[in-house]
């Protein structure tokens with residue numbers, strides 16, 4: 001069983017390739033950093049709620065909520081900066097797996113670099129034509145369609161509808177002119 005724990009510690013951790021040149025550079029930055037990444041947040045979690053939770057690990061210096069680049073709406077992650085690297089390390093151990101706003105959150109060490117820049121907008125790149133392409137499958141078409149022969153049969157010679165009764169009247173809804 002001890003081998004299992006040892007193997008888990010040897011798995012390489014995530015590092016931001018835009019702010020660090022190598023995994024070693026990332027580890028050095030994290031060792032001296034006061035920032036942590038908080039993931040899997042509810043989109044409706046406020047800075048105040050996150051501040052209250054993070055305060056259990058140490059003195060919170062500031063919170064930077066992750067935002068959607070186009071809408072500026074929260075998108076489920078944040079960076080929390082503590083007053084010391086020890087408090088940031090404690091936050092990783094204390095808060096990772098905690099429940100926040102009904103969700104189990106993930107807390108990882110972070111380099112703290114470029115938090116005010118593009119990192120607060122996440123890693124996704126959105127173009128207007130691909131904004132919602134991966135969110136859901138295309139909407140189904142109507143299960144029926146009005147054929148052109150049906151429409152022609154309903155139209156008279158002058159282009160007006162025949163029959164004297166509209167569909168709304170036939171269904172019991174009074175038509176108001």
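Glycine is treated like the rest: Cβ placed from N, Cα and C.
The domain 'RRM' annotation in TrEMBL covers 34-112. Annotation source TrEMBL lists region 'Disordered' at 156-177. Annotation source TrEMBL lists compositional bias 'Polar residues' at 156-169.
The residues of the domain 'RRM' (34-112), classed with DSSP into helix (H, G, I), strand (E, B) and coil, number 19 helix, 31 strand, 29 coil. The average pLDDT computed over the domain 'RRM' (34-112) stands at 94.
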